[in-house]
Every structure is written in structure tokens, then in C-alpha cells.
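According to TrEMBL, the features are:
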{"type": "BINDING", "residues": "Arg135", "note": "substrate binding site"}
{"type": "BINDING", "residues": "His243", "note": "heme binding site"}
Amino acid sequence: MIATSYSGMAVDLAFLRPVMPYHHVLVDVRESPFTIDFDTQVPYDTYVRTDTLHDLQHPLSEDPGEMSFLMITQVMELYFKLIAFELRGARERLRADDVWGAVGTLRRTALHLEGLNASWRGLRWMTPAEFNRFRTRLGEASGLQSAMYRRVEFLLGLKNPALIRPFKRKAGTYGELAAALDEPSVWDEAGALLGRRGHDVCDPAAVERAWVAIYASEDRETRLLGDALSEVAEQFGEWRYQHVAAVRRAMGHKPGSGGSSGLAWLERSMAQVVFPELWSARTHM
Ligand code: HEM
């Protein structure tokens, strides 16, 4: 194919031809390799429940930015659920003295946390002016009232009983969270496992000495458990850091819709350490 360029030169456009002419690309559905004969629902929808999933987005304003805020919050809620599920699995494995099983589950948890953390990118555009366009519509709604996030925190051993108070009139959730507060955390089960392996874990100082000893020893299995726990703690810390950064960016020091002072309260909450002796032990190694 010959065409004339801007400069008037003749140019051979053969190299721009499609690899296959279109009549080769068209597919004859009678010969298609995939199944097309379904009832009202395709099996994908039945499995993924797409109808339910895509019926859950109801922004409260006309502002187009609210859709990212709402959907990213929903995506994060789903991740909290997946992470709580994995942490319960890791706790089971530790209780059963299956260290390799626990390491595998904790590594998967850390990868899900990475996926969760990547979701923050979708909110980086939001300045106070943009957040203000729909913020008042949220009323008193706040992530502080996320029961699934509290489950994740409790499983990690961050247990502040005051934080289940918003649910006190929601009997089922309140009861479940109160029970979760009393259950051993992943960290409690890791400590119990060390105890069964001959370490003294009678108090935090002893737990710290146990981790110093493990990292100085040839006990590769328990060291890898320590590494997998560290990765989970760091990735969870990354979520909290990114959240604080998003709050600072989108609303500065204004009070939170959930009734807290906002940034100052979140910074105090972020200072609570996940798996504390795993970190303090490092000073003595
Ligand atoms: C830029 C967007 C966001 C802002 C400005 C913001 C603001 C805040 C503020 C001020 C608090 C303190 C509690 C209060 O409301 O008084 C809070 C807590 C919280 N928010 Fe957000 N948030 C944002 C995005 C998100 C998203 C997308 C999620 C995902 C579910 C989320 C989950 C949480 C959770 C779980 C807490 C409790 C944290 C804790 O207990 O330490 N936030 N948020």
C-alpha cells in the first residue's frame, strides 16, 4: 500500500497491515471452542455472584469522585475479610504445631496485605476540596465502625475493648467481636507453640529472649515462622501508614466523622505494635 506523507514523499504502508485480514478474525459461533448454551445465568455469575456484587454501589452524591471512595472502601472491606480468614487459618495451624502450614498461610496473608495496600493508590488524587464535595453526605459513617477491620486487629493481638462499643446495639456483631476479644490471637498461638518447643514464654521479657535464642540457633523452621510473622506485621503497618497519609492529604487535622480527633487519634492507634517482642528482640540479637 502506497500513501503520501506530510512532506509529499511516497511511503510504503505495507508494514501497517493487520497481521490477519479481518475476515480471518471473525469467529463462526457454531464452531467456537467455548460453551454458549446456558440458562438465564452464566456459571461465572452463579459462582462469583456478580449480580449481587455489582448491585452494591450506591453513592450518596452526584460527585464522580465518590464512586472511587465507595468502591475502594468496599474492595478493602473484602480484603479485610480475606485477611481475617487467612489469619484464622494460620492460628489453627500454629495450634496444631504445623509450622510449615502456618508459614505458608502467613505468607499468603502478607501477599493479600500487599494487594490491599496497593488499593490506596486509587485515592491519591483526593484533595480536601474534592473530599468536601461528598464528605458531609457520609454523616457519622467512619471506617472506625468496620467490624471486619476489628477482627483483623484482634487476630493480630491488637485488642482495645473500647473499639467494639459502636456495635453495642447490633447484637450479633457485638457478641462475635466480644468473643473474638477473648480468643487467643495469632501471636498468642505462636507463643504457645514456642512454649511447647521448650522455650520459656511466661512473660513478655521471656518471649523476647525466646526470639533472640531462635534467631541465634539452627532452628530454621521457627526462624522462617518469625520472618513470615514479621512480614505480616510490616504489611499491616503499611496499611495504617497509608491510611494516615490519605487522611492527612484529604482532610488535614479536621475531626473524624466517627467522633475521634482524626489524625492525632490515628497516629496514636498506629503506634500500637503488632507482635511486639518479635521487634524488641532485635535490639538484643
Ligand atoms: C481519604 C480517605 C479517608 C479518610 C479522610 C479517612 C478518615 C478517617 C478518620 C478521620 C478516622 C478516625 C476515626 C474517625 O472517623 O473519627 C478513620 C478511621 C478508620 N478508617 Fe478511614 N479514612 C479514609 C479512607 C478509608 C478507607 C478507604 C478505609 C477502608 C475501609 C478506611 C478504614 C478506616 C478504619 C478501619 C479506621 C479505624 C482505624 C483504627 O482503628 O486505627 N478509611 N478514617
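Positions of Cβ are set from backbone N, Cα and C atoms, glycine also.
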The residue listed as 'heme binding site', number of other Cβ atoms within 10 Å: 18
Length of the line joining the Cα atoms of His243 (heme binding site) and the residue listed as 'substrate binding site', in Å: 16
Spatial neighbours of Arg135 (substrate binding site) that are distant in sequence (at least 6 apart) but have CB under 8 A: Met251, Ser257
